[in-house]
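*Asks:* Once you've had a glance at the structure underneath, I'll fire off some questions.
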Amino acid sequence: MSDTEATVQVLRELVPEELQAPRVAIICGSGLSGLVASLRHSVLVSYDKLPGFVQSTVPGHKSSLAFGFMGSGAGVPVVAMLGRFHPYEGHKLSSVVYPVRVMANMGVKNIIITNAAGALNPNLSVGTIVVVHDHIALPNLTGMNPLLGPQTNPSLPRFLPLSDAYSRMLRKLVFRAARDLSIERDALAEGTYAWVSGPTYETPAEGRFLRAAGADVVGMSTVPEVVAAREENMNVLVLSLVTNAVVIPLGYESVRDEFEAEIAGTSTKAVVDEVVSHEEVLAIGKIKGDLMKSLVEKILDLLPTDV
Ligand SMILES: O=P(O)(O)O[C@@H]1C[C@H](O)[C@@H](CO)O1
Ligand SMILES: Nc1nc2[nH]cnc2c(=O)[nH]1
C-alpha cells in the first residue's frame, strides 16, 4: 500500500461515507479559511491524525482538513485544506504537496487553490482577485521542483508539460460566476503568479526583476501544489487575493539627493516608506474573504457535472 493510500484509509475511518468522495479540493490561503465557512454537514480532521501530514506553523493557517457540501441546493462535496504548508517553514517539498496527492487518491478531479499575494503590476489594487493563468517559478527552474527525484507513481508522466496548467474551463467559470453575482469588473483581473521561497518579502530590486520578467503578483506558495495537482491530472484553478503592493519604484534608494537637499535647505522627493507585514496580509484576507467565498460558492454551483 502506498503512503497516500494509507492516509486515505485513515480518512475513511474518520469521515462519514457520504463525504468520502469530494469532487473539488479547496486550499485556503493566508487568512482565507473563512472561504469554507458555509460548509454543510462538515467534518474536520486535524492534520495530526493523518500520517504524512505535517503541521502548518503560519498565523492565519489552521491545521485541519474540512469535508462537507458547499454551494446552493444539495451542494458539491468538497474537501478543504484549512491551512497549507510552505517550504519556508522547513517542510520538504514532498510534504508540501502530500495533501494534494492524498486528495487525488480520494478521487478529487478539480482543485481551487487560493493565496494572498503582493501586486507587482501597478494596475492591480489591493483587494483585487487575480485569476492566475500562468506562473514563473524561479525555484522550480533552479532545483526546487516538487517532482525532482524518483517518480512517485510510474503511471504518471515523467516530463510534465505545464503550458496548460491553469484550466481554461475553470478560469472562464470564474468570470461567469462574477457576472451572475454582479461583481464589478475591476474586482477581478487575470495574471501571472511568481513563486518565490520566502519568508522574506521582496526588495524593490527583486520586485522590479519579477515584474520585468512578466509576473503580475508574487507569493510564497501555490506553485508546488499546482505542479503536483497537474501531475495527478486535476483541473486547476488559482485565485490570488492582492493583499499589498510590492514597492518597486526606481530611484528612491538614493540618499545622496536627500542629503544634499537637506544641506541646501530645499525639499526632497517623497521617500517611499511602505513596509509590508503579514498582519496587513491577514487583514485584507478578512476584509475580502466574503467576496472570495461568494465567488467560490458560485463557481461550485456552475461546475459542470461531468468534471
Ligand atoms: O499561503 P499564502 O500563499 O496565502 O500566504 C502568503 C505567503 C506567505 O505565506 C504569507 C506572507 O504574508 O502570505
Ligand atoms: N512574496 C510575497 N508573498 C506575499 N504574500 C502576500 N504578500 C506578499 C508579497 O508581497 N510578497
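Even glycines carry a Cβ here, placed using N, Cα and C.
Just so you know, TrEMBL annotations are computer predictions that nobody has curated.
Marked as domain 'Nucleoside phosphorylase' by TrEMBL: 23-276. Here TrEMBL flags S30, H61, R84, F85, H86, A116, S221 as phosphate binding site. According to TrEMBL, the purine D-ribonucleoside binding site annotation covers E202, N244.
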*Asks:* Among H86, A116, the binding-site residues in question, whose Cβ has the most other Cβ atoms within 10 Å in this structure?
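*Replies:* Result of the Cβ crowding comparison: A116.
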*Asks:* Filter the candidate list S30, H61, F85, A116, S221, N244 of binding-site residues, keeping only entries whose CB is under 6 Å from an atom of ligand 2.
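*Replies:* Near the molecule: A116, N244.
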*Asks:* Please work out the number of neighbouring Cβ atoms within 10 Å of the Cβ of R84 (phosphate binding site), leaving out its own Cβ.
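*Replies:* The answer is 25 other Cβ atoms.
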*Asks:* Once S30, H61, R84, F85, H86, A116, S221 are set aside, which residues in the chain still have Cβ within 8 Å of the Cβ centroid of the phosphate site?
*Replies:* G29, S56, V58, G60, G83, N115, M220
*Asks:* Ligand 1 is in the model; which of the binding-site residues S30, A116, E202, S221, N244 have a C-beta less than 6 angstroms from one of its atoms?
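*Replies:* From S30, A116, E202, S221, N244, counting a Cβ under 6 Å from ligand 1 as near, the near ones are S30, A116, S221.
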*Asks:* Measure from the CA atom of E202 (purine D-ribonucleoside binding site) to the CA atom of A116 (phosphate binding site) and give the result in Å, rounded to a whole number.
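*Replies:* So the alpha carbons of A116 (phosphate binding site) and E202 (purine D-ribonucleoside binding site) sit roughly 14 Å from each other.
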*Asks:* Given a separation of at least six residues and a C-beta threshold under 8 Å, show me what packs close to S30 (phosphate binding site) in the same chain.
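*Replies:* In sequence order, V58, G60, H61, N115, A116, T243, H278, V281, L282, G285 meet the Cβ cut-off.
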*Asks:* Look at the binding-site residues S221, N244 and tell me which residue has the greatest number of other C-beta atoms within 10 angstroms of its C-beta.
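*Replies:* Buried the deepest by this measure is S221.
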*Asks:* Could you state the whole-number distance in Å separating the C-alpha atoms of R84 (phosphate binding site) and N244 (purine D-ribonucleoside binding site)?
*Replies:* 20
